[in-house]
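**Student:** Grabbed the feature section from TrEMBL, which reads as follows:
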type	residues	note
TRANSMEM	31-52	transmembrane segment
TRANSMEM	232-253	transmembrane segment
TRANSMEM	260-282	transmembrane segment
TRANSMEM	310-333	transmembrane segment
TRANSMEM	354-382	transmembrane segment
TRANSMEM	457-482	transmembrane segment
TRANSMEM	503-525	transmembrane segment
TRANSMEM	603-624	transmembrane segment
TRANSMEM	640-663	transmembrane segment
Amino acid sequence: MEQLETVDESKPLAYDKNFKGPIKDRSCTDIICCLLFLIFIVGLVVVAYFAFQYGDPRLLVYPVNSNNEICGYGKQLGKPYLLFFDLVACGRMGVGVFVKGCPTPQICISACPTENKVLIPGVDAKADFKYCKDGVDATTSSKTENALLSDEDCARYWFASKPLINRCVPSFLIDVLEKGADMATAAANATASDASGNSYDSSMIGNSLDVYGTFLKAKEYGEKIIEDVWTAWWMILIGLFLAMVFALVWIIIMRWIAGFMVWFTIIAFLGLFGFSTAWTLYQYYELKDTSDSFHIQFSVIQMTMSKPKLFLAFGIISGVILVIALLILLILCSRIRIAISLIKEGSRAVGTMMFTLICPIFPFALQIVVVGFWLTVAVFLASTGRNQSFDFNNNSSEYRYPNGSYNYENIQKATSAFFGKACDNTSLSSSEFCTFLKNQEENFVIYSQIFNLFMMFWLVNFVVALGQMTLAGAFASYYWAFEKPRDIPAFPILSSLWRCFRYHLGSLAFGSLIIAIVQMIRVLLEYVDAKLKGKENPVAKFFIKCLKCCFWCLEKFLKFLNKNAYILIAAHGKNFCTSAKNAFMLIMRNIVRVVVIDKVTDFLLFISKLVVVAFAAATSYFFFDGRIDFLSSFTPSLNFYVVPIVLVTLGSYVIASCFFSVYEMAVDTLFLCFLEDLERNDGSPEKPYYMSKDLRKILGKKNVMAPSEKKEF
């Protein structure tokens with residue numbers, strides 16, 4: 001065993017008489033990475049505790065006034081609604097208002113207006129100035145009516161409104177939603193003017209506020225969609241169950257139809273380009289003595305092309321593609337047959353170990369839990385950064401706000417009194433203490449969000465790696481069983497899962513950490529790219545695009561290498577780096593076979609997913625559209641029949657991806673084992689091949705059994 005680890009990795013693997021499949025006596029691998037992973041998990045728990053202790057997601061829903069104070073909290077206690085001084089100006093920003101916010105003043109009020117009103121200086125008294133900024137009392141202000149309005153200290157107009165998500169929304173907008181009224185008609189009786197006194201006519205008001213009407217319609221559609229899902233939820237589940245059964249049946253029959261699908265596609269491809277070549281060249285010979293031409297116009301550019309030359313060009317291109325395809329087919333014919341045989345063997349392996357089809361359910365559920373946990377923590381963290389003023393009337397701690405965050409002013413006073421010095425006195429640590437308390441929460445939130453995102457990437461990739469290694473161990477047990485299924489060990493999936501948890505958590509953490517780091521770099525590049533938008537710096541944009549492309553390719557390569565490393569870890573029990581190196585060298589020694597098997601498998605899986613999704617979509621369409629007569633009595637009455645159809649279609653794609661990921665892992669594992677089998681063994685009684693008879697037949701190899709053995713695998 002020691003000699004095997006020192007051989008030249010560029011040479012084929014040497015025979016190992018002790019290797020009979022996944023090694024049971026193995027040791028823990030990559031322990032340092034395992035400890036690092038556990039430390040980071042503890043860090044995530046600390047961040048989550050901080051978020052849940054001091055965050056409140058409801059604060060993200062409540063509106064904030066122009067002073068960044070939450071309506072209904074702190075100084076704004078008893079004023080839960082937000083009023084915009086110039087809602088028309090906000091609407092004129094279009095959908096950008098939902099991204100950038102409204103640029104006009106916004107104040108918290110106790111109740112939304114119940115009337116339409118436009119203030120006219122000299123006509124309306126200061127007592128009519130109902131809605132002004134905090135600290136501004138129009139009746140006692142020394143400013144004139146004109147100054148109060150032009151300085152935007154008070155609202156110049158307001159509409160009769162109703163609260164919507166604690167925002168005061170004009171009542172006629174609600175009528176547009178509930179009664180289907182036209183926006184221009186609904187706004188006909190509304191009048192308004194800007195801070196300078198320029199009047200808005202009804203058409204301008206209607207057009208400006210139409211963006212809010214779009215939002216309200218979207219809200220209505222959302223409610224109807226939820227209602228449809230609630231009505232048809234059990235029918236959607238039945239549709240997904242049928243998609244699951246169909247995917248299972250399709251995987252089982254792949255052993256019989258895989259070859260037909262591949263060869264039919266190849267023949268169809270050759271036939272298509274053969275016909276294209278013949279037809280275009282025939283057209284060329286028919287028209288070569290004519291002056292027929294095509295006239296093509298693109299904007300101001302006009303082109304005239306000769307028909308004979310065009311057909312000749314297409315004929316030559318088609319002929320070249322046909323010749324290249326034929327040469328590739330002749331060269332790779334045996335390798336295509338090997339790929340088909342391995343795909344069939346993968347179907348047999350899945351059929352022998354049916355419980356492998358259940359395996360993806362658990363990693364998928366864990367990934368949903370991880371993403372859900374990340375999103376929850378992110379929302380709670382975001383809410384800790386909301387600015388609030390201390391509520392002296394609330395029964396909260398003297399040094400806490402209602403949501404649990406610190407009141408820095410009171411802390412500063414308390415620490416100053418305690419130390420007997422002002423917080424700006426640097427002779428003692430009180431100044432640093434106050435500054436730290438004032439800045440720690442804001443900085444901690446930013447860093448915590450970054451750490452939370454990184455841990456989400458790490459954990460998701462860890463779950464994926466765990467599923468891949470578990471399946472790899474089970475399928476490796478299948479391949480290295482000399483007589484199948486007799487020699488397959490009992491409970492191969494559970495045994496493989498136990499080995500993952502008992503010995504290889506560090507290797508799983510190592511591989512997933514590498515992917516997570518690359519993904520974080522890609523997120524950083526996306527952030528930088530977003531910041532560069534609108535900037536006139538083509539050189540920087542070019543380099544960012546190049547880096548994004550390079551790291552995308554790097555992530556794809558690392559995922560491919562990691563998966564093959566997990567296969568060898570599951571089989572041999574070595575650490576991640578050694579397994580990744582061995583997998584890479586094994587692949588490079590068989591690069592042509594790898595490319596062929598990879599592309600043939602990708603093609604078959606694409607066709608298979610397409611068939612499953614098409615079956616689910618067609619079945620759900622005919623059912624929910626009432627076209628299945630004997631089931632028409634079960635067809636529900638829905639607002640949008642497309643909703644359950646889309647959900648079934650998307651759900652069937654997820655199910656098909658989960659099922660065929662098992663199939664893909666089976667083929668990849670069997671393929672690497674097949675390559676090892678070819679290099680380690682020679683078919684002699686001492687070193688027999690473990691591959692199937694079909695593969696031995698394609699390769700022209702056979703097992704020479706000892707005279708005492710009567711039965712050949």
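Every residue, even glycine, has its Cβ placed from backbone N, Cα and C.
A quick note: this is a predicted structure, and the numbers were derived from the prediction, not measured.
How about a rundown of where these features are and what they're close to?
**Tutor:** Outside the transmembrane segment (31-52) by six or more residues, the chain places 373, 377, 380-381, 384, 444, 448, 451-452, 455, 458, 462, 505-507, 509-510, 513, 576 with a CB less than 8 A from a CB of the stretch.
Counting only same-chain residues 6+ beyond the ends of the transmembrane segment (232-253), those with a CB under 8 A from a CB of the stretch are 347, 350-351, 357, 608, 611-613, 615-616, 619-620, 623-624, 634, 636, 638, 643-644, 647-648, 651-652, 655-656, 659-660, 662-663.
Below 8 angstroms of C-beta separation, residues 266, 269-270, 273-274, 276-277, 280-281, 283-284, 287-288, 294, 592, 596 of the same chain, each at least six residues beyond the ends of the transmembrane segment (310-333), sit close to that stretch.
Cβ atoms under 8 Å from those of the transmembrane segment (503-525) belong to residues 26-37, 453-454, 457-459, 461-462, 464-466, 469, 544, 547-548, 551-552, 554-555, 558-559, 562, 565-566, 569-570, 573, 575-577, 579-580 of the same chain, restricted to positions at least 6 beyond its ends.
Counting same-chain residues at least six beyond the ends of the transmembrane segment (640-663), those with a Cβ under 8 angstroms from any Cβ of the stretch are 224-225, 228-229, 232, 235-236, 239-240, 243-244, 247-248, 251, 254, 346-347, 350, 356-357, 359-361, 364, 471, 605, 608-609, 612-613, 615-617, 619-621, 624-625.
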**Student:** Counting a contact as 3 or more Cβ pairs under 8 Å, with residues at least 6 apart in sequence, do the transmembrane segment (603-624) and the transmembrane segment (260-282) touch?
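**Tutor:** Yes, the stretches contact each other.
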